[in-house]
Amino acid sequence: MTAVADRSLGPELARTETLGPDTDVLVIGLTSSENGPSIAPDDMFGDVLTEDVRAELLDQLGAVGAKGKAEELTRVPAPAALEGVTSVLAVGLGAPDKLDAEQLRRSAGVAARSLTGTEVVATTLGGIDIAAAAEGFYLGAYTFTPFRSAKSAPKPDERPVAKVEFLVPTADFGEEALFRAQLVAEAVATARDFVNTPPSHLYPAEFAARTQVLAEAAGLDVEVLDENALEAGGYGGVLGVGKGSSRPPRLVRLTYAGGPKKVALIGKGVTFDTGGISIKPAQNMENMTSDMAGAAAVIATTLLAARLSLPITVTATVPMAENMPSATAQRPGDVLTQYGGTTVEVLNTDAEGRLILADAIVRAGEDSPEFLIDVATLTGAQMVALGTRTPGVMGTDEFRDRVARISQEVGENGWPMPLPAELRADLNSKIADLANVAPHRWGGMLSAGLFLREFVPEGVQWAHLDVAGPAYNTGGPFGYIGKGGTGVPVRTLIAVLEDIAAE
C-alpha cells in the first residue's frame, strides 16, 4: 500500500524582490484594449520593468501580433537589461475591466502548462493577485505520472516547471496569501491524484487505507468500518452497492476538531461504477474511475481544514464501494434497508451513489452538525442540464444560495437548482418507503437531490453538490485544468468552511 504522493512534489512557490541569477523565464501579464496591449500591473516592479524595458517588450510583442487576449501566449527574447533571463513569456489577461481572480488563475495555468522543461520562472502576476496566480501556476503545472515506466516517463524538456518566484514590492507582501494558496492548490492536487488513480489500484480497502495514512499524518481522528462492521451497523446502502464486487466496501470517518461549530462533509466514493446489473454502455465506461471524486474532494478538504487550523470541527463521512455486476450483486427490484431504517426499492442499480450517500448522511446527522454538505458525481442529468463545468447546487434554500455564491466567487461556478415539490411523488415505491429512481428521465439531477433530502436531519443547513461533469475533464486542457481529475469542488468547500468559521 502506497499513500497518495506528497504534493510538495509540485512546483516550489516563493516570493522574491529581485530577479535571481537562476531565472530562466520572466512571465508578465498583458491586458487588451483598442489602443493595443498593456503590461499589467502597470504601477509595480519599476526596478525590473523599467520604462525602457516595458517599451522594448511592447515593441517586440506588437511586432509578433500579441493582443493581450485572455490566455493568449507570446514568447519573446528578454531585453538585455533583464540580465540572465533568456526569454519573456507574455500571457493574455483580457480586457482590464473583466480581469478578476479566476481569469488570472486561468491565465497563470495556461502559462504554467507552456513552461515544461523550465527550471526557474519569475513572474509579475503576483502583483495583481498573488493567491490566484499561485493557484493557477501550481495547478496548471500538475501532472500525474506514477504509472509511466521509463519508456514513457516525461523527458527533462517535458517536465513541469520546477520553481515559480513571485516578484513582490516588499519583503512581507503576499506572505499569508501565498501560504494559503499553496495549501489550497496542494489539496486540489491531492484530490486529483485520488481521482486519477486507476481502479486497479484504488478500490475501497485501498482507498480507505490511503485516506487513513494521510489523516493520521495530519493528526485527525480516523474511523474505518470494514464489511463486517458495516453489516453489524446496518449500513444497507453501502453493503447493497458493494455486494457485487469481490472487493468489499468501507466507510471512513475523519474528524478535525478545531472548534465548537460542527460541519459535516459527505463524499460519494464509488471507486468504479459499471452500473451493476443495470450495466452502463461500454463506451466511455473507463471514465467511471472518477466516480469517487466527491469522496476525494471531501477528504482533501478535511485535511486542508486541519492544515489551515480553522476554528471549527469538520467531520468527513465517506462511503466507499465498487459497483460491479455478478451473481452476488443487488438486482433491480431488490429492497434494501438504509442505515437508520428507511427501506428503498432499487429500481436501477446504476443509481447507486444516492444509496451509499443516504447511509452516510444519516450517520453524519448523529453528530448534530449545524451544516451538512454532500458532494457526488451523482447524475448524468447534471451534465445534460448544466454542462461539464457547472456544478449543480441543491439543498435548503439559504445555504444552497450561500454555497453557490461562494462557488462562483472562487471560480468553480456552482449554480443553484430547485428541488420541486411535485417531483417528490415520483420517488414513491409500491412496496418500500422510497424508490431509488423516478419512472422517467425528466429532472434526474433534481430527483436525486430530493431522494437525498429524505435522509437529511431536520433543522440542518444542507447543500448537495452534483459534480458529475466538473469533477473530471474528458476533453482537452483549459486554464489550470488538465485532462482527468479536476479537484472540483475543493476550493468551494474550503471557502465555505472559512466563511462558516468567520461567522
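Cβ coordinates are placed from backbone N, Cα and C, and glycine is handled just like the others.
Just so it is clear, the model here is predicted, and its values are computed rather than measured.
Annotated Mn(2+) 2 binding site per Swiss-Prot: Lys268, Asp273, Asp291, Glu352, in sequence order, evidence recorded as sequence analysis. Residues within less than 8 Å, Cβ to Cβ, of Lys268 (Mn(2+) 2 binding site) and separated from it by at least 6 positions along the same chain comprise Asp291, Met292, Ala293, Gly294, Ala295, Pro319, Gly353, Ile356, Leu357, Asp374, Val375, Ala376, Thr377, Leu378.
Cβ-based neighbour count (10 Å, all protein chains) for Asp350 (Mn(2+) 1 binding site) stands at 18. Look at Swiss-Prot and you will find Asp273, Asp350, Glu352 tagged as Mn(2+) 1 binding site.
Look at Swiss-Prot and you will find Lys280 (among others) tagged as active site, backed by sequence analysis. Listed in sequence order, Asp273, Thr274, Met288, Asp350 are the same-chain residues six or more apart from Lys280 (active site) with CB atoms under 8 A from its CB. Secondary structure at Lys280 (active site), taken from DSSP and collapsed to helix, strand or coil, is coil.
All protein chains considered, the CB of Arg354 (active site) has 28 other CB atoms within 10 Å. Residues or ranges marked as active site by Swiss-Prot: Arg354 (among others).
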Glu352 (Mn(2+) 2 binding site): tally of other CB atoms within 10 A of its CB: 29
Mn(2+) 2 site shell beyond Lys268, Asp273, Asp291, Glu352, criterion: Cβ within 8 Å of Cβ centroid: Val241, Gly269, Val270, Met288, Met292, Ala321, Asn323, Gly353, Ile356, Ala376, Thr377
Check: same-chain CB within 8 A of Mn(2+) 1 site center, minus Asp273, Asp350, Glu352: Val241, Val270, Thr274, Gly275, Gly276, Ser278, Lys280, Asp291, Asn323, Thr349, Ala351, Gly353
